[in-house]
Amino acid sequence: MAKRQLNRRQNWRIEKIQGERAARAAKRESQSLEALEGGDLGPEQLGLVIAHFGVQVEVEALEGELAGQVFRCHLRANLPALVTGDQVVWRAGNQGIGVIVAQLPRKTELCRPDTRGQLKPVASNVDLIVIVFAPLPEPHANLIDRYLVAAEHAGIRPLLLLNKADLIDDKNAVALNALLGVYRQLGYPLLEVSAHHGNGMQLLQAELDGHVSVFVGQSGVGKSSLVNSLLPEVDTRVGPLSELTGKGTHTTTTARLFHFPNGGELIDSPGIREFGLVHVSRDDVEAGFIEFHDLLGRCRFRDCKHDREPGCALLKALEEGRIQPQRMASYRHIISTLPEQDY
Ligand SMILES: Nc1nc2c(ncn2[C@@H]2O[C@H](COP(=O)(O)OP(=O)(O)OP(=O)(O)O)[C@@H](O)[C@H]2O)c(=O)[nH]1
Ligand SMILES: [Mg+2]
Ligand SMILES: [Zn+2]
């Protein structure tokens, strides 16, 4: 009991300190903004958010004599939260600092829930989601399926990418091949590469050229290593797997955008532990399983939950092997984790 009370008090203190710290940061931020607005600001111009750090973002100038230069920018208070990939209108101050005046509409938006379950955009204006996995840390089909649902929901094309192909051995090959087989059978584009050894990297480059892509996946699968391999002049931070758990150590902390010399952009994003899908409905999840497309609406009951109902088109397809058991299990798992109201 005494211990619990102490913890509660400790928690309260931590929250208090964090709150005070956030308030001080907000005050400093509004003071810097006032100082900037009081000084000489350049004309309004287009920019691209290439990284964001809490209250500030890094903007690359897209036009005029500043084009290509990067500025740390403050945000006017009325702006929505910005993310990497956003196009903005901004004004340059002095010494590499600027002010964001407006956000242009997003063409696409990839969202995921934060630790409190609130929906947060991760990257915007991308047209390709590269779902990265590896022999180590051990891949989870359900996580891949969640990304596929999110991609479908956002209207963004997915590409599955197995990195660290150099780590495929007798022990893991059977399980990996089974996993790859599931997605090959569904017709998803799939590449096998090694950021370290270079295998398959040219094919990957060809897929990325001319597109705005985002690398997503578990921490430690090698997203940043892939960036370093694709763009030798970039030296973004890479971190080892934990010796204790074999999992990634959350090395990348903010999504960052890089340019390819031949056109196209790539956003490296922080790895995740789990990917809840709180923002989607049962219909969205069903729409995210492409092998269900021709079957939906063909069940005997309009509100069929595809559980045990007679005349269920999905259960029939499962029996006949047109739906793979692993995917059906994955679908059921996702549905079981949706918030109550979406059932
Ligand atoms: N054997 C092998 N190891 C790799 C390969 N690519 C990356 N790694 C290693 O995997 C570990 C994690 O790499 P990162 O690039 O930091 O992984 P990440 O996905 O960016 O991780 P987060 O930033 O935490 O999300 C590092 O120790 C890399 O050296 C590869 O192709 N083969
Ligand atoms: Mg990283
Ligand atoms: Zn059904």
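Cβ from N, Cα, C; glycine included.
TrEMBL labels come from automatic prediction, so no person has curated them.
What TrEMBL says about this protein:
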BINDING   ASN163, LYS164, ALA165, ASP166, GLY217, GLN218, SER219, GLY220, VAL221, GLY222, LYS223, SER224, SER225  GTP binding site
BINDING   CYS299, CYS304, HIS306, CYS312  Zn(2+) binding site
DOMAIN    116-275  domain 'CP-type G'
DOMAIN    124-273  domain 'EngC GTPase'
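Features per TrEMBL, on structure.
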{"residue": "ASN163", "record": "GTP binding site", "contacts (Cβ under 8 Å, 6+ apart)": "VAL132, PHE133, ALA134, VAL193, SER194, ALA195, VAL221, GLY222, SER225, LEU226"}
{"residue": "ALA165", "record": "GTP binding site", "contacts (Cβ under 8 Å, 6+ apart)": "GLU192, VAL193, SER194, HIS197, ASN199, GLY200"}
{"residue": "GLY217", "record": "GTP binding site", "contacts (Cβ under 8 Å, 6+ apart)": "ILE131, VAL132, PHE133, LEU143, TYR147, LYS223, GLY271, ILE272"}
{"residue": "SER219", "record": "GTP binding site", "contacts (Cβ under 8 Å, 6+ apart)": "PRO137, LYS247, GLY248, THR249, HIS250, THR251, PRO270, GLY271, ILE272, ARG273"}
{"residue": "CYS299", "record": "Zn(2+) binding site", "contacts (Cβ under 8 Å, 6+ apart)": "HIS306, GLU309, GLY311, CYS312, ALA313, LEU314"}
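Closeness to ligand 3 is met by CYS304, HIS306, CYS312, these being the binding-site residues among ASN163, ALA165, SER225, CYS304, HIS306, CYS312 whose Cβ falls under 6 Å from the molecule. In the three-state DSSP assignment, the secondary structure recorded for ASN163 (GTP binding site) is coil.
Working note on the binding-site residues LYS223, HIS306: by count of other C-beta atoms within 10 Å of each C-beta, LYS223 ranks first. Over all protein chains present, the Cβ of VAL221 (GTP binding site) has 27 other Cβ atoms lying within 10 Å. For SER225 (GTP binding site), the Cβ neighbour count at a 10 Å cut-off comes to 22, with all displayed protein chains included. Counting residues of the domain 'EngC GTPase' (124-273) by DSSP class, helix then strand then coil, yields 47 helix, 31 strand, 72 coil. A sphere of 10 angstroms centred on the C-beta of CYS304 (Zn(2+) binding site) encloses 18 other C-beta atoms. Ligand 2 lies within reach of LYS223 from the binding-site residues ASN163, GLY217, SER219, LYS223, CYS304, HIS306, judged by a C-beta closer than 6 angstroms to any of its atoms.
Of the chain residues outside the Zn(2+) site list CYS299, CYS304, HIS306, CYS312, ARG300, PHE301, LYS305, ASP307, GLU309, GLY311, ALA313, LEU314, LEU315 have their Cβ within 8 Å of the site's Cβ mean position. Within 10 Å of the C-beta of CYS312 (Zn(2+) binding site) we count 20 further C-beta atoms, all protein chains included. Checking the binding-site residues ASN163, ALA165, LYS223, CYS299, HIS306, CYS312 against ligand 1, the ones with a C-beta less than 6 Å from an atom of that molecule are ASN163, LYS223.
Along the domain 'EngC GTPase' (124-273), the predicted structure has mean pLDDT 95. Largest Cα to Cα distance within the recorded GTP binders ASN163, LYS164, ALA165, ASP166, GLY217, GLN218, SER219, GLY220, VAL221, GLY222, LYS223, SER224, SER225: about 19 Å as a whole number.
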